[in-house]
Amino acid sequence: MQGKAQLSDSNRRIMEVDAPPRRVYQAWKGSNLFFLGGRLIFGPDVRSLVLTVCLIVTPVIFFAAAVCPQLGHEFHSQIGGWVASVAVIFTVYILVVLLLTSGRDPGIIPRNAHPPEPEDIGESSNLPDWPGGQHGSAGLPLTRDVLVNGISVKVKYCHTCMLYRPPRCSHCSICNNCVERFDHHCPWVGQCIGKRNYRFFFLFVSSTTLLCIYVFAFCWVNLKRIMDMHECKIGRALLKSPISGLLIMYTFIAVWFVGGLTSFHLYLVSTNQTTYENFRYRYNRKTNPYNLGVVQNFIDILFSRVPSSKNNFRAKVKEDSAAFTSSLSMGRVLSPAKMSVDLEMGMKRQAVATEDLEDLHSQIGSAMGLERCGTEPPHFVGRKGCSEISSDIEAFAEEFGMERGYSERNKIERRTNDGS
């Protein structure tokens, strides 16, 4: 039964080795959430995206279902259908832009497996920025100086990602990633806004502003038409079309939010700033190294080619393969974790090819079988020969981490021989 249990345990380990390797998104160290097998990446607060969609879709449904038919009835034409169609198409476009903003890589910089080598740090590094003159991982300085358009810019070392952040890069504490040209983390879209999705974010807020103005305007047109037809004041018109009044209030409040956001980002684009830089550095008080002029800034940010992602979330994770060696006496398999612990403790082991190891095990097994059965070759005479075999076996066992099993077996056999 014990042999069967050991065999099943060995088979289980072999199955784990033969299991399909994990994908990058499955071993991701950030706080992101992935959907559709790593094809969509969101921030940890992706649930807020549901609220954002409802805030956009719900008023449009009421507008198309209640206000637009009333517009057509008042004007005695197909204008209501056209107004509703434009609102629905515009809403679909906004939802697509929203998905492109929140469901794609914003510009995440892959983490390093190890810190950069200290010899790669040049004289431009800023050593005194460490408190007390101390250094970070592997003696690396906290900051380095990088030239951007002839102006010196400091870049910081990220202890989490173990890299020097490129210019305009920052580490998002919510997503736990370094994001290139980091603007801010937007809770309404549940994603960081960076180099690869900033233009879609700008299109999202500006398009939402236009949709609010569109609904606001036609609700007023509907109320004005009711007032003209029934020769009444605004109060009675609101009683005849309360949905129009509610949508006017809703869109008026929303325009102040998304409209103000659109105006602010128009200013940022025209000056080639990010939200993070505007609040932290205040480039209006000193030279902005990224400002290329208003026209060139708009072209660079909104009309240039979107860079490809530096991460392949569906790629297979490259894991170091470890050699599994079996112990004849204990019937167990040495796991990679045990091997790594032994290496960390400083124990030196000689690497042996798999074929040579199998031959070595067979030779040891043959010698053990001869000793156990009491049948010795002619050139081994007496117990002295057996002790020589045992000493050789113990040496081999000690080299490959099997000394415990062999020593226990030798003790049992010695007790049996002494008893006999």
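Glycine too: its Cβ is placed from the backbone N, Cα and C atoms.
Marked as transmembrane segment by TrEMBL: 49-67 (among others). Panel annotation: around the transmembrane segment (49-67), residues 42, 84, 87-88, 91, 94-95, 98, 102, 188-190, 208, 211, 215, 218-219, 222, 241, 243-244, 246-247, 250-251, 254 of the same chain, lying at least six beyond its termini, place a Cβ under 8 Å from a Cβ of the stretch.
Sequence annotations record features per position, and here TrEMBL assigns transmembrane segment to 79-101 (among others).
If you look up TrEMBL, you'll see 155-280 marked as domain 'Palmitoyltransferase DHHC'. Here the domain 'Palmitoyltransferase DHHC' (155-280) returns a mean pLDDT of 93 for the predicted model.
The transmembrane segment feature in TrEMBL is assigned to 200-223 (among others). Sequence-distant neighbours of the transmembrane segment (200-223) (same chain, 6+ residues past either end, Cβ-Cβ under 8 Å): 56, 59-60, 63, 67-68, 70-71, 74, 83, 86-87, 90-91, 93-94, 97-98, 100-101, 183, 186, 189, 193, 234, 237-238, 241, 244-245, 247-248, 251-252, 254-255, 258-259, 261-262, 265, 269, 302.
If you look up TrEMBL, you'll see 243-269 (among others) marked as transmembrane segment. Same-chain neighbours of the transmembrane segment (243-269): 55, 59, 62-63, 66-67, 70, 202, 205-206, 208-209, 212-213, 215-216, 219-220, 222-223, 275, 278, 297-298, 301-302, counting only residues six or more beyond its ends whose CB sits under 8 Å from a CB of the stretch.
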